[in-house]
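Only one structure is covered here, and it is reproduced in the block below.
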Amino acid sequence: MANIKAKKYYSYAKINLFLHILNKRTDGYHNLQTWFTFLDLKDQLTFSFNNSREINISSNISIAAKQDNLVYKAIKKFQQSYRVQDIGVDIEIKKNIPMGAGLGGGSSNAATTLIALRDYYLPQLSNEEMIPLAVKLGADVPIFVYGKSAWAEGIGEILYHKDFSPQYALLIKPDIHISTKEFFTSEDLIKSSVLISKDLGFDKSIMHNDFENVFYAKYPEFSQYLKELDSDFRMTGTGSCFYLLSADKNKLEQLTRKINKPLDKWLVKTLNYVY
């Protein structure tokens, strides 16, 4: 067993380059197609393993109670799946990825926790071998364990490595939140997108986010504001973060200066690999 006292891991954000809902499954989940890539926007998790047999989680922001926290749930799932008992660890989470944004911050933290536990207890285990465990924690957790830009199907756990041309991303986040349940029950959500080939290149004429219609129907004023800024803004996940991609950093910097509403914003690079 490795002798790790305090080890730091970065936990990256993702965006969905598109997100199509195909149909509803008998288990209540939805089949989808999406293309994930990562962002150089990241949290930092520090793991201090010890002999206390206690799990302590702290953060620079207010976080969910331990039993409701995805990091804690990841530890318990790891224990159950690999029969690793008596885990003692202090975890410090420095959050930079905004919550409720569609950037996968919580899922990323859970995946990073699985990787840290693997490194300490079961270093012979590959990332790919942990994907069946990761999906039990949430549909977005597998991509963060996988650690490479990928085309995803199923509920997000069937992954095919697919690089995306590196670009800059301008992220903007309004102070708006729609619950996942509200999205999926909305009459504005199309749940019958046509299956497309994973061999396609990025084609914004046929690749979109099916959840955008729901968001725009509920917040038409913000929708109009986005279109006035640039019609190519896309929503990631179920929002409420939107992004604009460009290889021209100066273009995005100029656009940032035009934003005259109180929106959180970031200018970051896309990444194909996070490990």
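Count begins at 1; order follows the chain as displayed.
Heads up, the Cβ atoms here are built off N, Cα and C, so glycines get one too.
The feature active site is assigned by Swiss-Prot to K14, D140. The ATP binding site annotation in Swiss-Prot covers P98, M99, G100, A101, G102, L103, G104, G105, G106, S107, S108 and is backed by sequence analysis.
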*Residues near the ATP site, P98, M99, G100, A101, G102, L103, G104, G105, G106, S107, S108 excluded, by Cβ within 8 Å of the Cβ center?*
A13, I97, G237
*Starting from the Cβ of G104 (ATP binding site), draw a 10 Å sphere and report how many other Cβ atoms land inside it.*
28
*Within 10 angstroms of D140 (active site), Cα basis - binding-site residues out of G100, G104, G106, S108*: G104, G106, S108
_Checking your reading of the structure: which of the binding-site residues G100, G102, G104, G106, S108 lie inside a 10 Å Cα sphere centred on K14 (active site)?_
G102, G104, S108
*Are there any residues in the same chain, six or more apart in sequence, whose C-beta is under 8 angstroms from the C-beta of G102 (ATP binding site), and if so which?*
I15, N16, M235, T236, G237, T238, G239, S240, C241
*What number of additional C-beta atoms lies within 10 angstroms of the C-beta atom of P98 (ATP binding site)?*
18
*Just how many other Cβ atoms lie inside 10 Å of the Cβ on G100 (ATP binding site)?*
18
*asked:* Within its own chain, what residues at least 6 apart in sequence put their Cβ under 8 Å from the Cβ of S108 (ATP binding site), listed in sequence order?
replied: S11, Y12, A13, K14, D43, I97, F144
_Neighbourhood of G106 (ATP binding site) by C-beta distance under 8 A, where only residues 6 or more apart in the same chain count_ = L70, M99, G138
